[in-house]
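Note sheet for the following structure.
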Amino acid sequence: MIIAVDGPAASGKGTIARALARHYGLPHLDTGLLYRAVAATVLRDELDPAQEADAVAATSFDDLLLADEWLRTDEVGKAASVSAHPLVRSALLQRQKRFAMQPNGAILDGRDIGTVIAPDADAKLFVKATPMIRARRRHAELQKCGSTVSLDRVLSDIRARDDRDSTREQAPLVAAPDAAVLDTSFLSVESAIQKAIALVEAQLARKRTTT
Ligand code: CDP
Ligand code: CDP
């Protein structure tokens, strides 16, 4: 069973994907971390994220890096614009497809799971929330880590990231036509998780009756 969870920054897709992984006992991959690992490697090697060749060279990053907290910082998040390079996306494609094809299945979250990585997924969710609510969530997380960045700044970064992810030519952020859309704007974490499970169950039931 493959479950695809897509959505913009701070929509809650990671929280939902982790909860679904626990609920169904499936392995989970946060694909954003792969792009962040490429970005971190480019920064560490003092290369230029805007140069496709520099970013492609960084796709053979050391897997140990995936556990590094540095990957979750804003600095690395900005350099994750390496995701717009088509050759970076194709270099990371097989790794994500392999993860999805594990014997019992898998849950992947990102931007293009339901559209590109696993277009035949058994269930697809597109998680969204308003930019202001997403900015408030991100701002609260940053404050917890001691950051003094303003809410306005976080909001403009979120808008810039949305714009960058939605307008790139290859694998833009868009809901797959067969994805169930889940707006978490006014949902608690717990209710968002319950709704996500109900939406997945409905898709699985529909699939069972048509096959
Ligand atoms: O945590 P946040 O939602 O801010 O970002 P992330 O999921 O860690 O992803 C970082 C960046 O990687 C995103 O802004 C996207 O540009 C890119 N990404 C992508 O292009 N495709 C994916 N499947 C996952 C992430
Ligand atoms: O993975 P993504 O960037 O889409 O978001 P996340 O890391 O799952 O969630 C961002 C923040 O929003 C976390 O601090 C969550 O606890 C919070 N949140 C949520 O995920 N869902 C809600 N319904 C409310 C808050």
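Each residue, glycine too, has its Cβ placed from N, Cα and C.
Where the annotation comes from TrEMBL, it is an automatic prediction and has not been curated.
Here TrEMBL flags 3-201 as domain 'Cytidylate kinase'. Marked as ATP binding site by TrEMBL: Gly7, Pro8, Ala9, Ala10, Ser11, Gly12, Lys13, Gly14, Thr15.
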Listed binding-site residues (Ser11, Thr15), ranked by Cβ neighbours within 10 Å, top entry: Ser11
Those binding-site residues in Gly7, Ala9, Ser11, Lys13, Thr15 whose CB falls under 6 A of ligand 1, listed in sequence order: Ala9
Those residues of the chain, 6+ apart, with a Cβ under 8 Å from that of Lys13 (ATP binding site): Val5, Asp6, Gly7, Asp109, Gly110, Leu125, Val127
Which of Gly7, Ala9, all binding-site residues, has a Cβ with the fewest other Cβ atoms inside 10 Å: Ala9
Per-residue pLDDT averaged over the domain 'Cytidylate kinase' (3-201), given as an integer: 95
